[in-house]
Amino acid sequence: MSSTRHGGNFQLELAAGTLLPKEMPGINAFTFYDYLLDLAQSGASPESVLSVEPIYHRLAYISRLVAWIDASGFSHGTLPRLFLSTEPPTAEQIKSNLSPSDIEQILFFVESETKQQVGCDLWKVLRQFLLTASTLKWVKNRPCSKPDWFKVNEFRNGGAGYARQAMAITFGLTNESCARKLIMTYVSGDLHRHQNDSGEFFRLDVGESDEDAFSCGLLLDKRSGMLGASMDMAVMRKDPETAAVAEIDVFEIKCRAKYTFCPENLMHPLSACYERMLDSPGEETIRDFLFGIRAPGVEYFPPDSVPSAAEALLTCAKGWASPDAKASTRDRGSLIEKRHLQLNREVRSTVYLFGEPCLKTNSIRPIVWPSGGTSCELPIFINPKHQNFKQIFVQTYVLADYYPDAKISQYLVTFIGRSRRANEFGRVLRLDGGREDLAEPISLDHIHAIPILLIKTPVVIDRDHFSDLSSLGKEAFEFSVKETWGNAADAAAAPRIGRGCAAKKPGPTELLCAPESTQH
């Protein structure tokens, strides 16, 4: 493990001995709910718990997890390095003994050790009983938590639409790294220039490889610890004179499985659209391709109307109108949605259209437009009613608290790719036509789809609406305490909430007893 993974002396020392494995069997047996339940069963009153800010309780819970990780042999000495204590401190002790800088280092450590996101056990357990964009709903005046957020959230097989959902998830997991490589090669001009200088970029990592470069783990809300966000890709730039963080670019990547097709299947409706788009690239043929499926990934709505929440991308350009489009007379949407629809309506997306791979050189590149550039702009903007916008909104809120003076630019990046032809299977494709300052070429793996379109959509956010989230963390903690103390009387007899929702409830000290040591 290279010491450049973590910027700064603290991270360099920490990384040497405590890089955590992605799989830690048993860690899901202790959630934030269990931390609160232990407090209730030990005789603490709700009033005493609520007298300490929720961020300190979240940190106390994390200290319990870290103690378990050390005791289980997954790391050594992480607890004293992070919390300056050989025993998990209480929320009161953390508030009294740790400085804001100490707390920030703990939160950045959590971020750095959860970069694999869904592939990381620590990420999974920390997201339990945590408000995220997916557990928020947006009502008329402000966001609030969904009724079912305070429970173990597990993805189960079966049910209507599962196969379709599983396909979309698999396509996304496989091709997010493909989109990341395209962003590095064509979209963000400074990403690779100083890769060996981690201080230029997002605080804790520049990525081990092109697969995970500039990836982000779980970043917790510094105010309450009750909200969290996991960004797909973030790039930080510092002021060369002051070394202060000046700019942060955040990319939320979405891979659209609904456009997957094989061009060898001439019966597929997208096959002909694809050929026309490559033969005559332009706004009209790109539009026809995007609208070439039953439920297009871009929704047209008339300028005097409001969109639905079905798709993340919108257009109200006259040339994109469909014959059956009708203006809605309903007053739909919350205040925050209406405000951001107004702000983003004039935004235009940057679109990269990729030609066919060259099998002689095993390479692929975007087409060159008459302007001489490798991209064009189209009248496509983000839908503030869609979950993707809300995800980006929460991410920006959480990140802005760490870097209040930095300029944060948000982008939704939509990747559309096709299945490989028979003669394309197994090929690693070099990305050509990108920046000339790359130290070495970036290539797509043999498992990646063949890129068709990469759509970069800027997202405009009104920070005045951050106040809508600022009180939500405290309210969520108060709700958590109320629910936990209400359940405490039955907790000993009921199945324990934790791994599998059926584990035996151990005592507080039992958690810290190591199982058979697992060395990594």
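Cβ atoms here come from the backbone N, Cα and C positions, even for glycine.
Among the features that Swiss-Prot reports, site 'Required for function' is placed at Glu176, Asp232, Glu252, Lys254.
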Give me the long-range Cβ neighbours of Glu252 (site 'Required for function'): same chain, 6+ apart, Cβ under 8 Å, in sequence order.
Met231, Asp232, Asn388, Gln391, Ile392, Gln395, Gln410, Tyr411, Leu412, Val413
Nonlocal residues around Glu176 (site 'Required for function'), in sequence order (Cβ under 8 Å, 6 or more apart):
Asp232, Ile253, Cys255, Phe415
Sort out the sequence-distant neighbours of Lys254 (site 'Required for function') for me: same chain, 6+ apart, CB within less than 8 Å of its CB, listed by position.
Gly172, Ala312, Asn388, Leu412, Val413, Thr414, Phe415
Within 10 Å of the Cβ of Asp232 (site 'Required for function'), how many other Cβ atoms are there?
20
For Lys254 (site 'Required for function'), name the DSSP secondary structure in the helix/strand/coil scheme.
strand
